[in-house]
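Heads up, the thing below is written out as structure tokens.
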Amino acid sequence: MCVVFSPREIVSELDRFIIGQKDAKRSVAIALRNRWRRQQLEGQIREEVMPKNILMIGPTGVGKTEIARRLAKLAGAPFVKVEATKFTEVGYVGRDVEQIIRDLVEIAISLVREKKRDEVQERAHINAEERVLEALVGKTASPATRDNFRQKLRAGELDDKEIEIEVANNSNNSAPTFDIPGMPGAQMGIMNLSDIFGKIGGRTKIRKTTVKDAFKPLIDDESEKLLDQDQIIQEALCITENDGIVFIDEIDKIATQDGGAGAAISREGVQRDLLPLVEGTIVATKYGQIKTDHILFIASGAFHVSKPSDLLPELQGRLPIRVELNALTKEDLRRILTEPEASLIKQYIALMATEDVHLEITDDAIDTLADIAVDLNARIENIGARRLQTVMERVLDEISFTAPDKAGTSFKVDATYVRQSVGELASDVDLSRFIL
């Protein structure tokens, strides 16, 4: 399922979206390549090769989450991002850490289902076309009549004609499930029962729609008929175990310092619950059991108050690769504004173009934006590249508000305009603390 890249290619791909942080990119690139290397092995040694989990250390807004997210997208692997602070020790009210793996399985099933849908799309389209023809001419029409209508259908001559179609009734698919007390991971509820009875009874509903709009629901309906649900689940469980990536953010918030009590005990409990998950255990899900031995865990934290050594020694040992991400400089912020494929500058220019407004942001304006962001990060709170979004919104506030009334016009944003928009706020510490 995963796409294979060399470490150099992975870093090159990440460079398209993330500025700097070479060490972090190299570490995740090697970790991803090692998964492919492991899968080329055979026999006992393949089971013995464990993923080298990663701990990213660095201030907020420097690219920790983005690196992990882009990596998973690049690999086509199941990926889940969680915050360590959202979980509680087993026995306390709240989410337990095994929910991470259950969420990962759900994501894997969605990935596999989409892949399988693409594989049967052509066949589903043919079947959907036959059903549209049946709705137009009936089941008893002669082959000549069907062929005549098929030509008209493909030419788009019948797009606006209204027909009635019969599709599966999926209205109960979003019904809730419930955990069975005393059996973590085992679930039973309305959804499971409706699945059982839905398949036996083949519940359908009649929809009145145009020929053009009928194709999508019919293709979806036909795709579902062609999919083997058991095969999807088995493949999803396999890629979860071998290709899954779990990103645990804010792990520094559950690190306990000496002398802590009360809440610190619960935080230590979360760490202890994470230990078997990271080391390798079996988690029960409603689709089957998942071995976590070969799931890659990437943890990250700013470690402003605590330090990595405040984590439980056992957990530190299970995060062997340490990567420190650097705080962003003015040059980094300037590059973030302009270089990535979907940089902030390109995003705002594209947004204004939808209103037929031509937006030009000069080089000196970009320098000034980076200057202001660096200054605010230094004086108030260092939130990294996220500060650029705050400053950009403030600068373009007036242009965004009046854009619908000024179609066909051009706006030029230079250094003077930037200073006029945020200069006074940026220089007033009390105001900038609240507004920027």
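Positions of Cβ are set from backbone N, Cα and C atoms, glycine also.
Site annotation for ATP in Swiss-Prot covers Gly61, Val62, Gly63, Lys64, Thr65, Glu66, Asp249, Glu314, Arg386, and the matching candidate from Ile19, Ile107, Ile109, Ile206 is Ile19. The least crowded of the binding-site residues Glu66, Glu314, judged by other CB atoms within 10 A of its own CB, is Glu314.
Of all Cα pairs drawn from Ile19, Gly61, Val62, Gly63, Lys64, Thr65, Glu66, Asp249, Glu314, Arg386, which the record names as binding ATP, the longest spans 34 Å.
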